[in-house]
Amino acid sequence: MNIKQLGWNAHFESHFENYRGQDLVPARVIRVGGGFYTLLGADGEQTATLAGQLRHGSTQDALPAVGDWVGIDSPQEGGIRIHAILPRQTALKRATVSNRKGLVEKPGVPQVLAANVDIAIIVCGLNRDYNPRRIERYLTLVHESGAMPLIVLNKSDICPETQARRAEIESIAFGTPVLVTSAQCGDGLDELASHLKAGSTLVLIGSSGAGKSTLLNRLACAEHQQTSEISAAVGKGMHTTTHRELFPLPGGALVIDTPGLRELHLWGESEAGLASTFPEVIGFAAQCRFSDCQHDQEPDCGIRQALHDGTLDPARLESYLKQRAEIASATLQSELAAQVAQKRKRKTIPRQGKRWRREHGDGQ
């Protein structure tokens with residue numbers, strides 16, 4: 001397989017020059033699980049593990065994620081090893097979520113959902129999944145990643161208010177395309193397929209039951225991902241997709257399917273994404289007399305004036321303030337985690353020195 005068909009471009013070519021003398025070859029991560037990485041490259045599909053320096057010296061967000069390009073060695077007795085991860089063009093990150101016991105395993109460390117994505121397709125069902133405020137959160141995530149957002153309102157066949165809901169989402173999308181589809185009936189799929197360019201990488205993100213895997217199956221004309229029925233009584237989807245995986249489509253595009261996101265906590269470095277999602281709020285805030293205006297009791301507040309005039313939706317302001325507070329909290333967590341890591345490192349270095357002297361003597 002030609003690696004250009006997998007999204008290889010001049011960016012990755014230039015960064016890989018540093019590794020050509022190390023007898024490494026490039027491959028793309030298509031699946032991650034159990035400490036193993038499934039790769040796709042010129043030699044087809046292969047399975048690899050991390051080389052020691054990557055396994056022990058990388059934070060969670062620096063480990064290979066689905067969509068990453070990596071440098072691997074030739075098959076050895078111990079299997080194929082990943083020795084390098086090429087710099088990402090884009091990365092969808094969220095704050096680390098709690099596990100099933102309700103505990104955050106690595107607070108302050110982001111989780112990479114997908115790497116090197118050109119277009120992030122935000123899929124929202126037109127059933128009980130429909131939630132404009134949640135779509136705003138996804139938009140902040142995608143804007144911050146560097147990928148282009150595309151909103152898909154799926155399941156139009158069961159919604160009598162399709163056009164009204166499309167208009168509502170367009171009013172908060174600020175230029176982001178909004179498509180209406182029915183994965184079951186095939187409506188709107190041609191328009192969606194027009195965004196799938198050969199060599200481009202897209203990711204499907206959204207809640208469980210929004211129809212991501214069904215859309216993928218229709219676009220691929222094959223049952224790539226098993227899909228589950230939705231309970232008509234509660235409108236909730238079963239978590240059919242249990243892992244993130246990249247699929248090459250017949251037309252040449254590459255699509256990453258993801259499990260439904262139980263939690264979508266914003267990462268601390270999301271200020272730019274927040275501004276792109278709420279440009280009208282930022283614009284009104286710029287009209288405040290004071291640069292540090294809290295939009296409460298200060299005189300000449302652009303935000304309060306916009307609320308009074310009816311030119312700013314109170315729900316939009318509330319959503320903006322909630323996201324801003326969450327990002328500030330995540331930033332603080334990240335800073336605290338960095339301080340803890342630095343202290344741990346300072347303690348580790350003397351211990352390593354003592355161990356070396358015990359093993360090799362004091363050099364006298």
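Heads up, the Cβ atoms here are built off N, Cα and C, so glycines get one too.
Here Swiss-Prot flags 101-264 as domain 'CP-type G', drawing on sequence analysis.
In the three-state DSSP assignment, the secondary structure recorded for Ala210 (GTP binding site) is coil. The annotation GTP binding site is assigned in Swiss-Prot to Asn154, Lys155, Ser156, Asp157, Gly206, Ser207, Ser208, Gly209, Ala210, Gly211, Lys212, Ser213, Thr214 on the grounds of sequence analysis.
The region 'Disordered' feature in Swiss-Prot is assigned to 339-364.
The annotation compositional bias 'Basic residues' is assigned in Swiss-Prot to 342-358.
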Specify the count of other C-beta atoms within 10 Å of the C-beta of Lys212 (GTP binding site).
30
DSSP says Asn154 (GTP binding site), in three-state terms, is strand
Comparing the binding-site residues Asn154, Ser208, Thr214, which residue's C-beta has the most other C-beta atoms within 10 angstroms in this structure?
Asn154
How many other Cβ atoms are found within 10 Å of the Cβ atom of Ser156 (GTP binding site), counting all protein chains shown?
23
Just checking a number: largest C-alpha distance across Asn154, Lys155, Ser156, Asp157, Gly206, Ser207, Ser208, Gly209, Ala210, Gly211, Lys212, Ser213, Thr214 for the GTP site, rounded to a whole Å.
19
